[in-house]
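Features reported for this protein in TrEMBL:
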type: ACT_SITE; residues: H204; note: active site, proton acceptor
type: BINDING; residues: G36, A37, A38, G39, G40, I41, G42, D62, N121, I144, S145, N146, M255; note: NAD(+) binding site
type: BINDING; residues: R108, R114, N146, R180; note: substrate binding site
type: DOMAIN; residues: 31-172; note: domain 'Lactate/malate dehydrogenase N-terminal'
type: DOMAIN; residues: 174-336; note: domain 'Lactate/malate dehydrogenase C-terminal'
Amino acid sequence: MASQSSAALMKWAQVASRGFAAAAASGPGRKVAVLGAAGGIGQPLSMLMKMNAQVSQLSLYDIAGTPGVAADVSHINTKAQAKGFDKDGLAEALRGCDLVIIPAGVPRKPGMTRDDLFKINAGIVRDLVEAVGKHCPGAVLNIISNPVNSTVPIAAEQLKKMGVYDKRKIMGVTTLDVVRAKTFYAEKNGLDVASVDVPVVGGHAGVTILPLFSQATPKVSMAADVLDALTKRTQDGGTEVVQAKAGKGSATLSMAYAAALFADSCLRGLNGTPTVECTYVESTITDAPYFASKVKLSTEGVDKVFDLGTMSDYEKDGLKAMMPELLASIEKGVQFIKSG
């Protein structure tokens, strides 16, 4: 029974959800760093990245507790070599990295405003990205730390300041919005969730999250009130989890899962198998200088940013309504670096 369970887990490591790294043999092993690896997202994300067959070296960094996390995941019988680094080991953790994933920072807690969150996480992201710019400037960056609408511009401005910015390499991870939209749409319409696709565009907070259910596949016609409820549930998914955890936690497990899916796609792209994902990047498809939409991921990161396609009137209204908040969040991030 134990050997069967082990075989099942190993098979999951290769084919879970969309086939984690099933094509890994066709590309080189990659060095991946998780910055914030001892946190609520970082620990399960570190485990999932250890299980990804495209990863040969896994650097786990946090200000405390990381050697223990690394020791724990290092016992998993997959090829990636895991090593933990504390606050003095950031440079070593980053050298030679192909992909850096940043879940570091604090989650939003009950009673905490986005401004409160910004004040804490903005500096954390700036300092970590500065280290990336020094020690692995060519790495692809996956930014999870909230508020993503501001932290991605912070990362971009910091790298511009250092003269090492490449817009193809900086991505805000919005995959959890897509995962939620797929799940809620499938549940409501009695569909096999594995067959469902729903693009989610905009940003990664509240009304800036815009699921395009009119473009969902398989196509299902929904009443206006059902559509509105699904949209709002997708936008408020994080709050739903915080409330369910009675204020004692946030969306850590589903976020780690979503981040691992997106990282897998980035690695596939780097290894020569282009993939299409929604992500928050520098963009010219709307008035916002950063925007989440479908992109093509390839050997240099973001190879192409796709336009929004045909949208319903409801979605057009949602796009218009999000813009003031999204633009303000972006500008706040830009000014954090420029005025610093």
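Positions of Cβ are set from backbone N, Cα and C atoms, glycine also.
Separation of the C-alpha atoms of S145 (NAD(+) binding site) and H204 (active site, proton acceptor): 11 Å, rounded to the nearest whole number.
Most Cβ neighbours within 10 Å, among the recorded positions R108, R114, H204: H204 holds that distinction in the structure as shown. A distance of 10 Å separates the Cα atom of R108 (substrate binding site) from that of N121 (NAD(+) binding site). Put simply, M255 is the one of the binding-site residues G36, G40, M255 whose Cα lies nearest to the Cα of R180 (substrate binding site).
For the domain 'Lactate/malate dehydrogenase N-terminal' (31-172), the DSSP-based tally of helix, strand and coil residues reads 60 helix, 28 strand, 54 coil. For the pair N121 (NAD(+) binding site) and N146 (substrate binding site), the Cα-Cα distance reads 7 Å. Note on proximity: among A38, G40, H204, M255, the recorded positions of the record, the Cα nearest R114 (substrate binding site) is that of H204. Spread of the NAD(+) binding residues is 18 Å (greatest Cα-Cα distance among G36, A37, A38, G39, G40, I41, G42, D62, N121, I144, S145, N146, M255). Counting only the Cα atoms, the space from G40 (NAD(+) binding site) to N146 (substrate binding site) is about 14 angstrom. Summary: among the binding-site residues (G36, G40, G42), the fewest other C-beta atoms within 10 A of the C-beta are counted at G40. The separation of N146 (substrate binding site) from G36 (NAD(+) binding site), Cα to Cα, is 13 Å. Residues belonging to the domain 'Lactate/malate dehydrogenase N-terminal' (31-172) score a mean pLDDT of 95 in the model.
Among the binding-site residues A38, G42, M255, none has a Cα sitting within 10 Å of the Cα of N146 (substrate binding site). Between the CA atoms of the residue listed as 'active site, proton acceptor' and A38 (NAD(+) binding site) there is a gap of 23 Å, rounded to the nearest whole number.
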